[in-house]
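K.L.:
My structure is below; once you've seen it, I'll send some questions.
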Amino acid sequence: MTEAVNLPVFLKSITIQGFKSFADRVRFDLQHGLSVIVGPNGSGKSNVADAVRWVLGEQSAKSLRGSRMEDIIFAGSSGRRSVGMAEVSLTFDNSSGIFPLEFQEVCVTRRVFRDGEGQFFINHSPCRLRDLQELFLDTGAGKEGFSIIGQGRVEEILNAKPEERRLILEEAAGVAKYRVRKREALKRLDDTERNLERLSDILREIEERLEPLSHQAEVARRGLALQTELHTLEIQAIVRDLAEVRRKLTASQEEEASLRLTRAEAEAELAQAEGCSQELKLGEKQLEEAVQLQHNEVFRAEQACAALENRLNVLRERYDNLAEQTQRLAGEVRQGQTLEQENRLKVEALVGKQALLRRTVQEASKEGAVREEALDRARTKNGLDVLDKTKDELFAALSEQAACSNRLTGVRHTLDSLEQQQASLAKAESGYLERVQTVRGELEEVQSRRQGSDEEEARLSREENRLREAFVEAEAEFRSAERALAELRGRKERLKAKQHALVSLADSLEGYARGVRELLAAKKRGNPVCRGLCGTVADLIAVEEKYELALETALGGAQQDIVTVDLEAAKRAIAFLKAERAGWATFLPLDTVRGGCLATSSVAADPGFIGLAVDLVRFEERYRPAMTNLLGRTLIVVDMEAAGRVAAAAGYKARVVTVEGDQIHPGGTLTGGSRQRKGSNFLGRSRELGLLAEELAQLAREEEEKSRDLQRLAEEKTGLELKLKDLSEKRRSLQEEKAVLAANRGTLEVQLKRWSEELEIARQNLIGIRAQKEEAGQALSAALSAVSAGEERVSGLRRELRQEEARAQAAAGEAERLTEALTEAKVQMAKWEEELRQTAVQLAEEKARASEQARALREEEARLARMEESLAAVLGESENVSQTLVQAQEGRSEKQLRLVQLREERERLSARSAKAEERTRASRKHLMALEQRQHNLELAATRWQTEWQGGSVRLADEFALSWPEALAYETEMARAEIQERIKVRRAELEALGPINQAAVTEYPALAERREFLRAQEEDLLEAGGKLRRLISELDETMSLRFKEGFEAVNAAFGRAFQELFSGGRAELRLVEPDNLLETGVEIIAQPPGKKLQWLSLLSGGERALTAIALLFGLLHVKPSPFCLLDEIEASLDDANVQRFAGYIRKLSASTQFIVISHRKGTMEAADVLYGIAMEESGVSKLLTVRMDAGEEDPVSA
């Protein structure tokens, strides 16, 4: 490897931080000779070329392989966070003085932040991008030179058209800057020609205007004489009109004074009528309250009557129930008496039967005794004594058995009867108990409902009292709100009338001069002639009320001056007035009117000085020229004393006006005295209308609010009335329900008492029955035992009898018959005795039953007596309630009659109140008519006053005359004659046509301007010639420079081609040799061993090496102190790479080369290798290797 020649290093270092993959600070300290930057694909090698290109001034993110400039900032990786800034610095050796700076080293730095902010530094001092670009001009190191050559530049040469390839040669030949100068010269020539064209148009227009302008100046002089005479006639007309206005003003003021007295009387009458109406309304309200109270009394009386009627109905129902129960109980008593009589007859029949049976038994006993004696005699005779004895015992046993059987039957019969009575009484007891429980439940429910009704009635009474109090309050509040709303509406109507009058004045343009009125009316109609009229001065300014009189005085008739956007608008308006014969007006064109403000430093310290008049009004800024013209030299002070001081301090060169309207004119004259300002003036009219609109809007809001309040109060009152009515209905229903509950309670109490008594009787009877059943049971047991024992004894005796009969079979004849007859007699007697005993038992039972029925009958009779007493008591109470009801109905009728009387009295009072209200309305209407009349007089006075002021102001502003001064123009001529003369003079003026007053001064000015423009035209013609000559010279220079550059590049290209290809030849050819300014460039080459052919016909490697040869030829013609090559040999084969590396090695003796490459041949030719690696993902790191030393030097930030 050959040693490099030690040359001064131009690019000493490259420092990169945060740029693309260089997250950390990396510094490339460049060495002598050939430096090669190597590294694997994707390690960030080409980012070094992008960094150098960027710091040299590249503004295209696309050229830096990005979409936005923020994309060049390190965006982070899996192990690193993104950074907020990218910075690149290049340090150059300036010992040769290539840069126009007094430094041995020059460091150029560029930064960019994520928010898009960019910074540039030269030797660490902030600068602009343009400063940095100018630093590299003509050094060959700028971004437009050949200091950076990338793979894209090779492709650009290979793929370029001949015309595009020419541009590359122009860069080397230095033609580009001449092309820029030519473009600038062509642009300037185009501008010069356009200016010449405009200038010619203006000169042609001026020539057309000069001739008629001369005629207009002559007409203006004639018109000035006529206007002077017209001026005098108009003053005389104004004086005549003002005298008439003064007379009318005095008459209207006198009538207004008389009307004030009449209005005072009408106000007193209205106050009296309103007082009477209020008294009647108060009385009506009191009667309404009395009617309401009486209505409540009637309502309570009706409730009392209803309660008494309900009580009477209850008593009647109770009486009917008691009468029904008494009748039923009387029937039961009668039925009991009948049963008692039947039982008595049964007992008597049983007693007779018992007596008959006793006699029969006695007779049978006697007959049996006779038969026994006969039998004894027969037995004695027949020896049958034992048999007879046995038979006797058997007879006795049979008799006893029969008696026991009869007793058993009787006991069973009695027990069955008691069972039936017990079942019947138990069923009756159950029914009575169920009825008692039902009645008690109903009674408890009635009592509970009665208690709830009492509580609800108390609650309703409290609620009714509360609602009545609320109703009274709501009624009072409603009446108050109604009065307040009526007063507010009256005030609103008065303000509306005033507003209507002011609007009428404004709409009719009252007080304005005729010409102003006509123009404003035409503008309102949308007449295009009035386009550009801004309005009168009075309409365009706003003044505080306290300064209105002062500004009105200061402006005078200028209040009616019309501001226009320009002079043309004013001219159109004047032409309109002349065409319509509609009077005249003064105009303030904003483009021509000039004004200035008086310096106030000499008077500002005076305590009475308020300010410059123009500073005390508000207006849009575009109107300032007009306002300063009118008010810029007027000073406003507090009083006449201060006016004297301020006028003296100002040297009597300014108008000084007091807030009361007195004034000191320039020169020292004074105007002042007493002034009456009636109605609205020009300045105060809009303010007053605004205040009226605001007040009316406020009143409308208040009216709406009060209407809502009134509606709300009416709804509340109606709601309270409905609630009171609902409560009354509820109380009436509740009282009716209470009366029904009371009646039901009385009925239920009677029923409870009755069924309780019936239940007690049934229970007592059950106790007696149960005792009797117990006795009958015991008797049944005894009877059963006796029957059983008797049956056993009869069976034994029958056996004995058969035994005896067997022994006494011999008995016969009379003894047997006697025995049988005796036995039959004894059996019959035993039957009668048993029947007698049964009759005795039955008699006892009937007597017991008769006794029980008698006791029950006595109880029924006692109950009947008690019911009859209750019936009498209910009848007596009913009679008392009936009498009370009659009295209550009489009282109710009296209260109803009183209510009718009160209502009639209320109707009469309402009628009186309506009449009083009608009288009040009539008085109010009369007063409003008087007020309207007075208002009309005030408006008339205001109108006359305004006309007087307008005339006075017109005298002061248009003619600079006060009223006393104007009286000097008073003439005996009639007003008609004055007007006729004015008409004649105006006709003469109109005959002159439009008068251009400025024509006298405008004509010489326009002529002078024509000469000036002609001189400018000559200058532009001369400048155009110079520019054409310059363009021609530039074309010649560019052709020459291109030809010389082409030849030099062609020669250098041929030499580079031969060295790179080790032979052969190549050349550049012009497509149009005769058109050096626009011709394209073609490349033909003949590699060794091949024929001469176009570049496009070569192989890929040959084409690439040919393009590289051309780049080296360009670099030879336009050398650069350093050159950075970015993988331009990537497409070459190894042999060509070797030749390429050797050629660079040779060139590095005079040019500093930095090559980005991954080809072995290039790396072998390097003096220093800079390795780029990514030890950490996404982050590039630098390693430096000296090829002669073979040692590695890791470089870190």
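All positions are counted from 1 along the displayed chain.
The backbone N, Cα and C atoms fix where each Cβ goes, and this holds for glycine too.
Whatever TrEMBL says is automated annotation, not expert-curated.
Not my notes, these are from TrEMBL:
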BINDING   Pro40, Asn41, Gly42, Ser43, Gly44, Lys45, Ser46, Asn47  ATP binding site
COILED    175-274  coiled coil
COILED    298-332  coiled coil
COILED    443-498  coiled coil
DOMAIN    531-647  domain 'SMC hinge'
COILED    692-947  coiled coil
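How buried are these features, and what lies next to them?
P.N.:
Cβ neighbour count for Asn47 (ATP binding site): 21 (other Cβ atoms within 10 Å of its Cβ, all protein chains included). A helical conformation is recorded for Asn47 (ATP binding site) in the three-state DSSP classification.
Mean predicted confidence for the coiled coil (443-498): the pLDDT average there is 77.
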K.L.:
With DSSP, how much of the domain 'SMC hinge' (531-647) is helix, how much strand and how much coil, in residues?
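P.N.:
Reading the DSSP string over the domain 'SMC hinge' (531-647) gives 57 helix, 22 strand, 38 coil.
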K.L.:
Near the coiled coil (298-332), which same-chain residues lie under 8 Å Cβ to Cβ, leaving out any that are not at least 6 residues past its ends?
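P.N.:
Here the qualifying positions are 728, 731-732, 735-736, 738-740, 742-743, 746-747, 750, 754, 860, 863-864, 867-868, 870-871, 874-875, 877-878, 881-882, 884-885, 888-889, 891-892, 895-896, 899.
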K.L.:
Other residues with Cβ within 8 Å of the Cβ centroid of Pro40, Asn41, Gly42, Ser43, Gly44, Lys45, Ser46, Asn47 at the ATP site?
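P.N.:
Apart from the listed residues, the neighbours are Ser21, Gly39, Ile1172, Met1174, Ser1180.
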K.L.:
Taking the Cβ of Gly44 (ATP binding site) as reference, which residues of that chain separated by at least 6 in sequence fall under 8 Å from it?
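P.N.:
Result: Lys20, Ser21, Phe22, Ile1172, Met1174, Ser1180.
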